[in-house]
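Annotation source TrEMBL lists transmembrane segment at B:15-39, B:60-83, B:95-115, B:122-142, B:176-201, B:221-241, B:318-344, B:356-379, B:406-430.
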Amino acid sequence: MTSALIAIIVLWGFIFIYAVMATMDFGAGFWSMIYINREQTNATSVANRYLSPTWEVTNVFIVAIVVGLFSFFPGAAFTLGTVLLIPGSIILLLLSIRSSFLVFSHYAKTYEKILTYVSGISGFLIPAFLICVLPITHGGYIDIIDGTNKLNLSSVFTSPHVYSFIGFAISSTLFLSSLLLADYSKVSNEFESYKIYRRDALITGPISLLMGVFIMLTMRSEASWLYDNMMNVKGWLIGSVIMFLLTFVALWIPSTRGLGMPRLAVITTIIQYFLASYAYGKSHLPYIVYSDVTIHSGFTDPGAFKAVFITYIVGFAILFPGFFYFWKLFMKDRDYLKKKIYK
Amino acid sequence: MDHLVTARSMFGITMAFHIIFATLGVGIPLMILCSELLYQKTKDNDYAIMAKRWTKTIAVLLGIAIPTGTIAAVQLSLLWPGFMEVIGRVMSLPFQIEVYAFFVEALFMSIYVYAADRISPIMRIVSITLVLIGALGSAVLITNVHAFEGTPAGFRIENGKIVDVDPWAAFFNPSFAVTAGHVAVSAFMTGAFVIASVAAIKMIRSRKKSEAVYKFHHKALILGLVVGGIFSIATALNGHASAQGLYDYQPEKLAAAEGLFETQDHAPLAVGGYTSEKEQKVKWAFEIPWGLSFLSDNRFDTVVLGLNDFPREYWPPLFVHTLFNGMVGIGSLLILLSIVGFAWYKILKKRLFPRWLLWIFGVAGPLSMLSVEFGWVFACTGRQPWVIYRIMKTAEAVTTSSDLHLLFAFFLAVYLIMGIAVVLVLLYYFKRHPVSKELEGQVE
Ligand code: HDD
Ligand code: HEM
Ligand code: HEM
């Protein structure tokens, strides 16, 4: 395996982890906003109990992606940095409003509602803008003017391909987060909230699958190179759809404590997204930005790559116990999960 | 505004805003650790309450430090793609390692804040220590990138191509240790003085009202002054080393900092005044004879290069003299202030601080923060026109995308909103949770 291939796999791994964690994170913020007026259920406080300790850790992954991109593929970072000035800035602005107001909403109780609305809505928009980076790399939206790359914004925001990605991002955000929160509320014995989130997952799941199908349809005409490559790895896509069906089975299995096994559903859904994004990533190669930047043309100095790669191994080996301790305290500790009122 | 100036202003404002919260993100965890340790040692509940209240503060401040840092990291690639291409090839190690520092900080901060009541005191101290290590690590590592910009190492440019990359030589570039040390100790100093300032103001307010509240703030003030005093001396000593680093590696920056035009030995140190290019001197300055020569290399006969030895186009802007003076002036003042406080309390053995002295303590924190801002604007602006010293000009690194103005306005507006909101939230929270209630044990 070439160094460039290892590097893109590491980067893809970060993107996948961030995609899953961030959809859950932004979605949880959105649900905590939606259910804030339902005093009788704890749906909002369940969402907050998940969100409060995790948003900071999730945020580090986006930094890890940006750093990984310019350390491994400085050439690609140059092109993307030039092209993404405006969408990137919009994401940054939304992200800072979202994170800061999320924190503020926990501390200024009188204004909790309005602060939660601001962070919920801005968080809901972020995935929509973030995902636009993907279709932009498919080619066709970048003009070369006087030797420099420029993004053609009007063609981006009139493209059905871009909108199918946006639809997919929003529906997936809602789907993944409601599933996760369903699981989280069941473990916490919050059965009212469990029912609500299970219902939400049942509604948003099929929508997100439909959006996925839309993406394939628009891709066929707008990025046929990618479509052809994806059709060569059909097996992964079919596997992904099977996992989706299993998720639904899992949500209907009768169990001792209420209908459905949300933990199983979370796992099959993550596998579903894993398979689909593997197929996508593999088909995207060797291009990072079609058709001028490939993983080879934009690759860093081999010596620098080696040094960075070693720090990855050492760094994550050292960090692993920290992640484990964190997980134990917030995802497993029943006392924490059952705490009735969010403090 | 022209394109380059807009880009520079945009990035400069982002950094100037981030640095406030980042500095406190390094300084306040140290104070929390000190109070946790004091609590374990003395079992005085006041220290436990201090740790709790400062933790709330830092949790709110991180709500700004983290998103603005994320902006900074992404904006580097968006605004300076040419610079980041070089950094990506040569100097990516500190960024990579910084990500681990962020993880350590984020994981243990959440544990310390949200699981404090479920973990043992030892684990609490371990957690806050790891928070401190994470925050300090991120500051030191990012400062290393700044150090590299001033003293690049570990690569060569041949026919416009980067060759002979040695990432560890770049990492351990000549000014890394001194610069990172300066940033670390100045952040500790600033965090401590900010705590001391708040305590001093609260003492003025509670003097006639509540003995217990007054005593509580008095303890916080002393802790802030001791830590601040120690680190202000460390900052000055290390600042001396930083200045010598400039003498060795960026002589035109030192010349601009001191407004020195002619190369000379026994060069004087100009304090105050402003640099006039027409008259080739610093006007209205107070001069310490032989001072600059001594500062540069510990000898009075050291020859210090003047600006006229460099092509005019390579001169940094001359107003950096004022920034440098501001930083050094505030630093010296705060050392003096710590000494006065110490003498008053320990040598004269007075139990109470007079009102006027409390007011002076009250501005120490903001002054210290101002000093950090001066120092950074000096360091970054004094490097102009280079983004990587003698290798890449800032103008070559800037993005080719136009239309920065509107974005600049949006970022400004968002910083303004976040800045006002964070102050209001802190005021609101502590008004709702006054220390008097916690002292009476009414709050869990
Ligand atoms: C509380 C803040 C504070 C205080 C009191 C001082 N400094 Fe400082 N200084 C900084 C905070 C700072 C800083 C913000 O942290 C900088 C900006 C860049 C850097 O590396 O540190 C800095 C930079 C900086 C530089 C430029 C380094 C470069 O361009 O790479 C020099 C020469 C000094 N300092 C020297 C001093 C001296 C002689 C001081 C005497 C008291 C002093 N500083 C006090
Ligand atoms: C260690 C972290 C920092 C790094 C790596 C860094 C790097 C940079 C870079 C790449 C630029 C743009 C190019 C240039 O103008 O040379 C810049 C400009 C600037 N930075 Fe920094 N910076 C850092 C910290 C700070 C801080 C904390 C401040 C706080 C005030 C600051 C203030 C500025 C200003 C005002 C400019 C514009 C300078 C000018 O063009 O005159 N920087 N910095
Ligand atoms: C000397 C100047 C700087 C200091 C002292 C500093 C320090 C800090 C600290 C203490 C934090 C908050 C807590 C944490 O570790 O998660 C932070 C956050 C951050 N900083 Fe800075 N920083 C500086 C400059 C910069 C620059 C120039 C960049 C851009 C490359 C940057 C990028 C970041 C990022 C991305 C975060 C958020 C990390 C997260 O998601 O948790 N910082 N910084």
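Even glycines carry a Cβ here, placed using N, Cα and C.
Fair warning: this is a prediction, and the values are worked out from it, not measured in the lab.
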(message) How about long-range neighbours of the transmembrane segment (B:60-83): same chain, 6 or more residues beyond its ends, C-beta under 8 Å?
(response) 7, 10-11, 14-15, 17-18, 21-22, 24-25, 28, 95, 106, 109, 387-388, 392, 396-399, 411, 415, 418-419, 422, 425-426, 429
(message) At a C-beta cut-off of under 8 Å, are there same-chain residues at least 6 beyond the transmembrane segment (B:221-241) that contact it? List them, or none.
(response) 30-31, 34-35, 38, 50, 178, 181-182, 185-186, 188-189, 192-197, 199-200, 203, 295, 327-328, 331-332, 334-335, 338-339, 341-342, 345, 353, 361, 364, 368
(message) Under 8 Å between C-beta atoms and at least six residues away from its ends: which parts of the chain pack against the transmembrane segment (B:318-344)?
(response) 189, 193, 225-226, 228-229, 232-233, 235-236, 239, 253, 256-259, 270-275, 277, 282, 350, 353, 357, 360-361, 364, 367-368, 370-371, 374-375, 377-378, 381-382
